[in-house]
Amino acid sequence: MYENKHVVKKIIFQNIHLLILLVLLSFAFIYGLTFKIVNDGFWHIKVGEYIIKNMAIPYHDIFSWYGKGMNLKWISHEWLFGIVAYFVYSIHGFLSVSIFIGVVNTITCILLYSLVNIRSKNRWVSLICTSFYLISLYSDVGLAFRPLTVSVPVILFLCILLEKRKYLIGLIVLTVGINLHGGIYPIYIIIFAYYTLFKNYKYFIASLLCILINPYTYDIYMYTINAMKSMSVEKTYINEWKVTALYDYKASLVIVVFIVFIYAFNKVKVKDILFSGSIILLAFSSNRQIIFLSILALPILSQYVSIGIEYIISSFPVEMNIVKPLRGIITKNLVRVAIFVMVQAILIIPNVFYTCDFFSNKVTLYKVNNSDEPVYAANYINNHPEIKYSHLLSHYNDSPYLIFRGIPSFVDSRADLFLPSYNKNTNAFYDFMRGFVDDYEPDKLIKKYKINYILINKSYTVYDTLRDYKNLSVVYDDDNYCIYKVDFY
């Protein structure tokens, strides 16, 4: 009789677990389906188109009229993602992009669940860690059509392979990952260091060599090193590179606090502390790195979650008078289940709200919006070659869409290549930001780079300044954008 009850209870828990997992995967797909950020994605689509049509990977600027004129060195360390982006977009525009990101995010959750399950050997802990990832998407990170979104499942798959000591296949996955997004090679180095130093150090050395298997070879290393030299400029002007104000990222803050509790209630191995600690520092260093808290730091420490919960339960003062009458009813297993249910419920509720909003808004997917992108202005420019092939000045954030529409920009989306740390003969990015974003004497920027036309979003502060210039005449105007012709010369 007891065995039958045990079997029934086990089946019930298995079904509940499976149901929660399926619900989480459906949330993951919906988050991907409703991605809201393209920006760099516009530019990546055109990189992929260029590579496919020319059967060549660019080594010098191909999008900026200024960069091409200066023959600036250029690097597309996400060239493989560009090809993927182009093919996905070619299927059915941004509808196919939405479905693609939905599928990628679902795969990410499956791999994250699998990695945590391997390390923790506890399916319920796996559900909680997967839920933490989803809640970080809801609260902090969001999904974008950019290389990192595709790199996350590659990183998780690599970790699973290394957990199973399949090092050679792991090196192949590393090589693919580097060509998808070479800019995150330090993450791959940290992962291989964690899994292979010091017993299998030869694979760590091999990983350093595999990073060189890309069209730019050692320049992948040098690109990041050079970019670090100008990081103060990028942290000033590019939001995703700014130091993380963690109190603004509630889910990530909860993950960090959760990790601190894991440290406090467990005898955590030094290498686990070093690995998770390095990821936390990385997350603090810039906004774009906080995704690694939920996909790397937490999974690595997941094996300690159950141990920590057991420690808390065993440390509870059961001799308290208020607890004594309940000792026969409340078992350790019941408390354990209650903790998991409570945590899972807290994490899942925001996802339910998000999903309800999605369906109540009639399943609205991404569409290019003229208030965010110069859609109509680009139509006008493409119909006026004297503007299209002139020295056209536009905001850095509008450049990806202009490139997407085949219009040369001033400073394209590879901002660090327009700084002396990478191309010694230019400081165009800083000049642009000072003149156009800081609104500090934009007339000097116009004269220095011999600007002929200016495309400006009316919401930008510099618009009010330019509007007062007598040497500018409006040649195009809509509700959100206008184009000025420069009469300085």
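Note: Cβ is positioned from N, Cα and C throughout, glycine not excepted.
What TrEMBL says about this protein:
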| type | residues | note |
| --- | --- | --- |
| TRANSMEM | 12-33 | transmembrane segment |
| TRANSMEM | 79-112 | transmembrane segment |
| TRANSMEM | 124-139 | transmembrane segment |
| TRANSMEM | 145-162 | transmembrane segment |
| TRANSMEM | 169-197 | transmembrane segment |
| TRANSMEM | 203-225 | transmembrane segment |
| TRANSMEM | 246-265 | transmembrane segment |
| TRANSMEM | 290-313 | transmembrane segment |
| TRANSMEM | 334-354 | transmembrane segment |
Item to complete: Take the transmembrane segment (203-225) and find every residue of the same chain, 6 or more past its ends, with a Cβ under 8 Å from one of its Cβ atoms.
Response: 57, 59, 75, 77, 79, 167, 170-171, 174-175, 178-179, 182-183, 185-186, 188-189, 192-193, 196-197, 422
Worksheet item: What same-chain residues lie close to the transmembrane segment (246-265): Cβ under 8 Å, and 6 or more beyond its ends?
Response: 132, 135-136, 138-140, 273, 276, 280, 283-284, 287, 290, 293-294, 297-298, 301, 304-305, 307-308, 311-312
Worksheet item: For the transmembrane segment (12-33), which recorded stretch in the set 79-112, 124-139, 169-197, 290-313 gives the largest number of Cβ pairs separated by under 8 Å?
Response: 79-112
Item to complete: Give the one range among 79-112, 124-139, 145-162, 169-197 whose Cβ atoms make the most pairs under 8 Å with those of the transmembrane segment (290-313).
Response: 124-139
Discussion item. Using a cut-off of under 8 Å between C-beta atoms, tell me which stretch among 79-112, 145-162, 169-197 contacts the transmembrane segment (124-139) the most.
Written reply: 79-112
